[in-house]
Amino acid sequence: MTDIFHGIGVALVTLFDDEGNVDIDATTALAATLVGEGLTSVLVAGTTGEAAALTSPERADLVRAMKDALDVPIIAGTGAATGSQAAAQTTASVEAGADAVLVLSPHRVADPTAYYRTVAQAAGTTPMLAYHFPAQSAPGVEVPLLNDLPIVGIKDSSGDARRLLQEVEEFDGQIYSGAAALCLYGGALGIPGMLLAVANAFPQEAQAAFAGDAKAQLKLSKPDQLSSVSFPAGIKQLTHEAYGTSTTARIGR
């Protein structure tokens, strides 16, 4: 299968107005700006997009707006606590036009094979990426399981360089890293791309680092730490400083 995208994709923030309502126009405008700066995919309603605080209709509306406005692959976050919940969200996102879905592994499930099989039935022919993010939903997806899952690839946000190398060596599918600290490393390993929160505010640096620029990789260090330690306030503030966007968040309100 052709890779979903190559290069740097953005794990897009969801912008809200002062009352906490989703600002679809502002969110879409930010995405368009980032695509204009060279980003090659947009992830909607992922962890960075405060998916846990969005309703299913809000997620679908965001996907639909992105598809209408942008000419890059739109990936929808559709993970949930159970396979049936994730399947329902996947169906809604596919119907809204998502080019692919990103499905976070369920919490405290050592072998998520049954979960992903349930979601795959809802995805149909739409490509599905597993999402390994043990800090958010432990234990994640172990590498030896990957080739047996009904997925085309994985987004790995663990930040584990040794694991990323293991994925490259053992997994037959597409590999995308969600760890900004591994841009340079991921590019050197030849993975298709990165899906990054920090790309909301530093799209040029992320692209340069992935292309082999060590100085650009160093420039990502402090903003990456800030966005990781203070979530979602950190990445919302960095994006505001770069593009004047709202800092309002739902998580933590």
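Backbone N, Cα and C atoms are what each Cβ position is placed from, and that goes for glycine too.
Per TrEMBL, these features apply:
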BINDING   T48  pyruvate binding site
ACT_SITE  Y131  active site, proton donor/acceptor
ACT_SITE  K155  active site, schiff-base intermediate with substrate
Next on the checklist: So if I draw a 10 Å sphere around the Cβ of K155 (active site, schiff-base intermediate with substrate), how many other Cβ atoms end up inside it?
Outcome noted: 27
Checklist entry - Using DSSP and three states only, what is K155 (active site, schiff-base intermediate with substrate)? => result strand
Checklist entry - Per DSSP, to which secondary structure element type does the residue listed as 'active site, proton donor/acceptor' belong, with helix, strand and coil as the options? => result strand
